[in-house]
Amino acid sequence: ITNVGNFGSTISDTSPHSASQIFISEDGVYNTRARVLGGGSAINAGFYSRAEPEFARDAGWDEDLVRRSYDWVESKVAFEPPVRQWQSAVRDGLVEIGVLPYNGFTYDHVQGTKIGGTIFDDQGRRHTAADLLGYANHRTIKVYLHATVSRILFTRRGRRWANPRAYGVVFEDALGIKKRAFLRPHPQNEVILTAGALGSPQLMMLSGIGPALHLKSHGIHLVLDQPNVGQGMADNPMNLLYVPSPVPVEISLIQVVGIPPGQNTYIETASGLSFAYSWAQGFARDYVTFFNQSGKPSSLTAETMAKAIDTVHAYANTSLKGGVILEKVKGPLSSGDLKLRSRSPRDNPSVTFNYFKDPQDLRGCVEGMRSIVNMINSPSFARLRYANLPVQALVDLMLNLPVNLRPRHVSSSISLEQFCIDTVMTIWHYHGGCQVGKVVDRDYRVVGVDGLRVIDGSTFLKSPGTNPQATVMMLGRYMGMRILQGRPPVNLRRLRGRFPASWRRRWHSHIP
C-alpha cells in the first residue's frame, strides 16, 4: 500500500507486478489503471470530496440515502488533513485573487476555496476501498486475490427469460489456470461488475456484449449487439506548472481546492514530490511503445526527447523544494471511445479521450491557467517562489518536460490555448464506457441482459465534483443498500424446479 511519501514512485512504477499498470491513450497521454484490490483508491493522490448536489439529482438517486452512504464511507476511510506551509500559501493565494468564499475544511463540493478530505490518516497511511471489506459479514463473503476475470458466462436456457442471463464468471488464478464461479439458484442473484472505467467495458466486450462488428473482428461470440459499450470515454484534462521553491516544503498531496466563480475549472496543488527519475528512465521506452502500438508516425524528434530527459535530470535534485499547481477542467464535454486490442483481460485496450475536442473544455483550461498564474503572482505565495523566476520561465520549463508524447509547437510559450493542448496530462479521473441511459439503466442493470449490473465510474456521464473516488465508494454503499432493500425473502426449495437441471448443477459447482 502506498503512503504519502512514496505516492510518486508507486504510481509511475511500470514493473509487471506493480500496483499500477501504465497505459498510453491514443492521444499520446500517459495514464494509469490500478491492478490491485481497492482499485484506484490504492494508488491515487487520496483527495476525498463529495459530488456536487446536482450530480445526485441528475442521477435520480435518493438524496437522503446518498448522504447516509457518504457519512458511512467517511466514518471508515476519510480524514481531515494537516495543512502546512505550501498548502496554506496556495489557499491564501486563491482567496487573495478572489476565489471566494473561504469554506474551511469540508467534504462538500462548494464554490470558493476549501480544504478537502483525504484517505491518508495522520500518520500518512493510506486507507482504501478495500478497507471497507472489513465491515462485511465474513461468513457470507469470499475474496479471491490474484484472480483475473476473463469473461462473464451467459445462458438463454429456460422459457422464462427472453434475454441472455449472467450465471457466473471465468477467471484465471496467479498461475494462469482457468476456473469458474457460479451464482447460487436464486432469481435475484446477480453478477456485479466493478472493474472501473477501463476494465468494465473491456470485460463486457470480452464476454460478448458490445459493438457486433468489433467483437466479430476479434473472434468473440456475440451475446448482445450493444454499440454503446466503450463509448463516451472521457478523461478530465489536467495542466500544471511546476514551481521551484527557495525553501524546503512539506510532502503533501491534494488538500486545497479552489473553484473560481464563473469558471469551468478546479485548482489544486501538491508539494515535495518528484516524478523526475521515473520520467527520465521510462520516457524513451514508452515513446517507442506508443508509436509501435498505434502505428502513428513519430511527432517528436530524437533531439526533443534528449532535451526533455536532460531537463528532467537538471530538476531532479529540487524534488523536495517546490510543488505543482494544477487545474482540472470540469466535466469534460469532450469524449472518445475504447476498443479491444486483444482477447486478454490483462492487456490494455485502445483508448481515445479526444482532449479539448470541445472548445468549451479548452476555454476552461485557459481560465484555469490564468487563475494559476494570478495565484503564483499573489503576495501570499511570494515567500515560496524565486523572485527572479518569472511565470514565463515556468511555462517554458513545462514545455521542456516529457509530460506526454504530444508534439510541442513554437506558439506554446506565448499561447495558453496551445500550451494546454501540448502539455495536457491526466488527473486519473477517466470515466464512461458503460454509461447510464446507454448501457445500464438507473438501477445499473445492463440493458438487454438479465442478472448483470455495472456499478463503478464507467457508468458516469461526467466526473463528479473535484475528485470521483468519494462518489464511487459512496455508490457502492448506496447500491448495496438499494439492492438489499429490494430483495424479499425467497424459499429456495420452491425455486429449484424452475431452473434447468444442468444450470442447477452449475450453480452448485462453487470454487471451494
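Keep in mind that glycine also has a Cβ here, set from the backbone N, Cα and C atoms.
Note: W428 (FAD binding site) has non-local neighbours N31, T32, G40, N44, i.e. same-chain residues 6+ apart with C-beta under 8 A of its own C-beta. The FAD binding site annotation in TrEMBL covers V36, V149, W428, H429, G457, P468, Q469.
Taken from TrEMBL, the feature domain 'Glucose-methanol-choline oxidoreductase N-terminal' covers 196-210. Averaged across the domain 'Glucose-methanol-choline oxidoreductase N-terminal' (196-210), the predicted model reaches a pLDDT of 98.
The Cβ of C365 (disulfide bond) lies under 8 Å from the Cβ of P237, N239, T265, E327, V329, F356, L416, E417, C420, V424, each of these being in the same chain and 6 or more residues away along the sequence. If you look up TrEMBL, you'll see C365-C420 marked as disulfide bond.
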Long-range neighbours of the domain 'Glucose-methanol-choline oxidoreductase N-terminal' (196-210), counting only residues six or more past its ends (CB under 8 A): 23, 33-34, 39-40, 149-154, 220-227, 229-230, 233, 338, 340, 343, 345, 348-349, 351, 430-434, 439, 446, 448-449, 454, 456-458, 460
Longest CA-CA distance among V36, V149, W428, H429, G457, P468, Q469, per record bound to FAD, angstrom: 24
For the domain 'Glucose-methanol-choline oxidoreductase N-terminal' (196-210), residues assigned helix / strand / coil by DSSP: 11 helix, 2 strand, 2 coil
P468 (FAD binding site): tally of other CB atoms within 10 A of its CB: 28
